Amino acid sequence: MAKLTVKDVELKGKKVLVRVDFNVPVKDGVITNDNRITAALPTIKYILEQGGRAILFSHLGRVKEEADKEGKSLAPVAADLAAKLGQDVKFIPGVTRGAELEAAVNALEDGQVLLVENTRFEDVDGKKESKNDPELGKYWASLGDGIFVNDAFGTAHRAHASNVGISANVEKAVAGFLLENEIAYIQEAVENPERPFVAILGGSKVSDKIGVIENLLEKADKVLIGGGMTYTFFKAQGIEIGNSLVEEDKLDVAKALLEKSNGKLILPVDSKEANAFADYTEVKYTEGEAVDPGFLGLDIGPKSIAKFDEALTGAKTVVWNGPMGVFENPDFQAGTIGVMDAIVKQPGVKSIIGGGDSAAAAINLGYADKFSWISTGGGASMELLEGKELPGLAALTEK
């Protein structure tokens, strides 16, 4: 990576500003999945071990008005982080700027940590965080000693005050270990893969992944399509899809992608269908691609799993983004499980999950430790797979 990293700067005695991604699910004040906190620990610990004073920034959820602050405080995160680090994490509830925060920052000693309250609390008054308000970025930068570490891959595709804004106002803006690893795994897989390179794309909408499909058709040897967007591709070919999800305004796009794919684009050949999305009374497999009238496809079928298994045989690089079906429902998770099985059994394969629902599927279904890398950022990984430059990365200091 052509950007400076946290190992390239002197940290001892310095107040080091760190953008982490602590946007974790919180229910009734309890964190239900702490993976993102765990993922940030190597960078935080390194700063503390080097004698730095870590000042952490993160958002949590969306905050547009005062009422949205309810349940969005980073207080539970501060407690969880303190337990993981085995030391106190200083935190002032509700405070993102002002004399109280400045006093707490200036009182930090070497090896100590402070977590600033949810950066999106600044969005209540004019979206200052999300719109990268110059004054806010400059203010937050002033809290440190000229060093900013961006370790939040999950927001690297956004230009916010807490990443791009701070970067513009410090002497050195560098990458943390998580950001460095995310870029290395995903960019390397797409730009310089060991072949055969197979990409697997699922999820519900073609519209979300047009750019990704176009880029991967150029870079990958095969692109497998599953999930709800299958049926837009089916309908584009005149195949009956019953009541399945379809994007009518993307039929021409789907048809064009198929025509220019030179056979690289591989679609399912059967589905598991039900007579309703939720309160269904009948579930069955289709004979072929066509979905029966009154039914909708909610997973790929056994013939498709076998076809994808064959397509993955011998693969040395696999990038997967998007489940094959409604994996949250046990009736429609066989396709996602079948594809995961097909990926992880390949000898010596570098297997990468591009965050989002695919990551949730791997974690919830017990496959997390079988993949080479699971990205912490769905949107950011999608933009990397599309070949786009990430603002949060572009803002870092060149080596």
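Placed from the backbone N, Cα and C atoms, the Cβ positions cover glycine too.
As annotated by Swiss-Prot, substrate binding site applies to ASP21, PHE22, ASN23, ARG36, HIS59, LEU60, GLY61, ARG62, ARG120, ARG158. Annotated ATP binding site per Swiss-Prot: LYS209, GLY297, GLU328, GLY355, GLY356, ASP357, SER358, in sequence order.
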Exercise. Can you grab the distance from GLU328 (ATP binding site) over to ASN23 (substrate binding site)? Cα atoms, rounded to a whole Å.
Key: 21
Quiz item: In sequence order, what residues of the same chain, 6+ apart, have a Cβ less than 8 Å from the Cβ of ASN23 (substrate binding site)?
Solution: ARG36, SER58, HIS59, LEU60, GLY61, GLY154, THR155
Quiz item: Taking each of the binding-site residues ASP21, GLU328, ASP357 in turn and counting other Cβ atoms within 10 Å of its Cβ, which one has the fewest?
Solution: GLU328
Quiz item: What is the total of other Cβ atoms whose distance to the Cβ of GLY356 (ATP binding site) is within 10 Å?
Solution: 18
Practice problem: List the Cα distance (Å, whole number) between GLY355 (ATP binding site) and ASP21 (substrate binding site). | Solution: 13
Quiz prompt | Largest tally of Cβ atoms lying within 10 Å of a Cβ, found at which of the binding-site residues GLY297, GLY355 | solution = GLY297
Exercise. Out of the binding-site residues LYS209, GLY356, SER358, give me the one sitting nearest to ASP21 (substrate binding site) by CA distance.
Key: GLY356
Practice problem: Enumerate same-chain residues with a sequence separation of six or more from LYS209 (ATP binding site) and a Cβ-Cβ distance below 8 A; give 'none' if the list is empty. | Solution: LEU201, GLY203, MET229, ASN321, GLY322, MET382
Quiz prompt | Intrachain C-beta neighbours of ARG120 (substrate binding site), sequence separation six or more, cut-off 8 angstroms | solution = HIS59, LEU60, GLY61, ARG62, VAL63, LYS72, GLU129, SER130
Exercise. Give me the largest Cα to Cα distance among ASP21, PHE22, ASN23, ARG36, HIS59, LEU60, GLY61, ARG62, ARG120, ARG158, the residues the record lists as binding substrate, in Å as a whole number.
Key: 18
